[in-house]
Amino acid sequence: QDAGNHTVLSEFILSGLSSRPELQHLLFFTICFIYSMALIGNLLICMATAHPTLHTPMYFFLRILSFLDISTASVVVPKMLVNTLSEDRSISYLGCVTQLYCVVFLASTEWYLLAAMAYDRYVAVCRPLRYPAIMSTRACLSMVLLSCCSGQVVSVVQTAWVFTLPFCGPRRINYFFCDIPPLVLLSCADTSRYERQLVSATVLVIFTPFCLILLSYTCIISSILRISSAESRHKTFSTCSSHLTVVTLYCASGTLIYLQPKSRNSQEAKKVLALIYTTVIPTLNPLIYSLRNKEVKEVLIRGMAVLMKK
């Protein structure tokens, strides 16, 4: 039905990762495998970091990060898997609003949490004597709460702005979930002002935490270089390298997706980047942190040994 010159949509159609029928089963089993690995890996990290020997701020933040990764993948992947094998790829208007809100909230919260993790590493390396006082339980909880509140504000504002845009004509979203760039493409209004606002929000959500992370690691590297023992330098840097790897992956994919929201030519590339952001990175995070962290590996190995004995 029409309201003025605009179409009132009750649902959208998600095109999915590919429209080629011969690829659907391959995509289904591939994504299903990656999603399963993401769930298993992050659940193992959550359980490992709950071990009494790992009750430190770094592992507390890592447990929250794993929970956010599970949530991000679970918001996107199940619906994508159903659509891959179904002819009906519709998503209700309210479902689309909810999915966008959750994705933006989780992604924004994760970025602020990564900044908190960088600050934790800065205090551990550069202010070791004051570490217990600065990174107290109350301080860690406050950082997580502040990250969630910041993510909530960003998500509410972005979701509200997107869905105040008038959607005209086709209701097909050239994507596998409801995200900002493909939804902006459906609007028949002049979205240049919104695109400028989105770029500003991207800078606020990604580059502001990234600058704080960069500043933290500049101080950390400076402190590491002053350590006389090569073994100590290697050990200190190894505790930070996992976090730097994750930050690099998030920053690269996130900025490429959101800095050009209405670029039609790059939609297929953005699908791949969004898949990496929402599915592949949550799968890689447990591998990055467990394979490069001796303490986490030891807890996981001991846990598996106990399970095998039973």
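Each Cβ is built from the backbone N, Cα and C atoms, and glycine gets one as well.
The feature domain 'G-protein coupled receptors family 1 profile' is assigned by TrEMBL to 41-289.
Positions annotated as transmembrane segment by TrEMBL: 26-48 (among others).
Annotation source TrEMBL lists transmembrane segment at 60-78 (among others). Residues 31, 35, 38-39, 42-43, 45-46, 49-50, 99, 102-103, 106-107, 109-110, 113-114, 116-117, 120, 140, 143-144, 176-177, 278-279, 281-283, 285-286, 289 of the same chain lie 6+ residues outside the transmembrane segment (60-78) yet bring a C-beta within less than 8 angstroms of a C-beta in it.
Among the features that TrEMBL reports, transmembrane segment is placed at 98-119 (among others).
Annotation source TrEMBL lists transmembrane segment at 140-163 (among others).
Residues or ranges marked as transmembrane segment in TrEMBL: 201-225 (among others).
TrEMBL lists 237-260 (among others) with the feature transmembrane segment. Here the transmembrane segment (237-260) has Cβ contacts under 8 Å with residues 58, 107, 110-111, 114, 117-118, 121, 124-125, 179-181, 198-199, 202, 206-207, 210, 213, 217, 220, 224, 266, 269-270, 273-274, 276-277, 281, 284-285, 288-289, 292-293 of the same chain, all six or more residues outside its ends.
Under the heading transmembrane segment, TrEMBL lists 272-291 (among others).
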(message) Same chain only, please: residues at least 6 beyond the ends of the transmembrane segment (140-163) with a C-beta under 8 Å from a C-beta of the stretch. Say none if there are none.
(response) 57, 60-61, 64, 97, 100-102, 104-110, 112-113, 116, 119-120, 180, 183-184, 194, 197-198, 201, 204-205
